[in-house]
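Taken straight from Swiss-Prot:
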BINDING   CYS108, CYS113, CYS136, CYS139  Zn(2+) binding site
Amino acid sequence: MPENLKIEVIPEGTVIDHIPAGKWLKVIEILGLTKPNGGTLLIASNVPSKKLGRKDIVKVEGRYLSEEEVNKIALIAPMATVNIVKDYKIIEKFNVEIPDEITGILKCPNPNCVSNHEYVTPRFHVESREPLKLRCHYCERTINEDEIAQNL
């Protein structure tokens, strides 16, 4: 293994890179990886990064992410990069993107919102990406970046 390699290479699975330092735990919670599932989970935290200063990396062996999971990651790590690995090689690499409309991922923090009492799927529209600000489709409550993680 090369001297500069600090985290093991995975044979198959997903690597989520450029997660802001300290947010790896929220990423694995979003993906439901806090419980043992038989796969290997590798985490590098507070790694030097030219892009972010410091970053976290999460490697999930034997698992590929759904579009919904990638969208959730984009909400807490908008500069993250997802790498798909097969036979120890990166076969696909893409940046996460926040969609214009977010459906069924977040819950509205407004206790009076119809989405918290009726059988309707929560929907949010992106008001701004930098800083991230979302607006509920039903009650028009605005959610700021710091409120998103607690409403996933």
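Every residue, even glycine, has its Cβ placed from backbone N, Cα and C.
Residues near CYS108 (Zn(2+) binding site) in space but far in sequence (CB under 8 A, at least 6 apart, same chain), listed by position: SER115, ASN116, PRO122, PHE124, CYS136, TYR138, CYS139, ARG141, ILE143, ASN151. When the binding-site residues CYS113, CYS136, CYS139 are compared by the number of other CB atoms within 10 angstroms of each CB, CYS139 has the fewest. In this structure, CYS136 (Zn(2+) binding site) is part of a beta strand by DSSP. Apart from the site residues CYS108, CYS113, CYS136, CYS139, the chain places the Cβ of PRO109, ASN110, ASN112, VAL114, SER115, ASN116, PRO122, HIS137, TYR138, GLU140, ARG141 no farther than 8 Å from the centroid of the site's Cβ atoms, the recorded Zn(2+) location.
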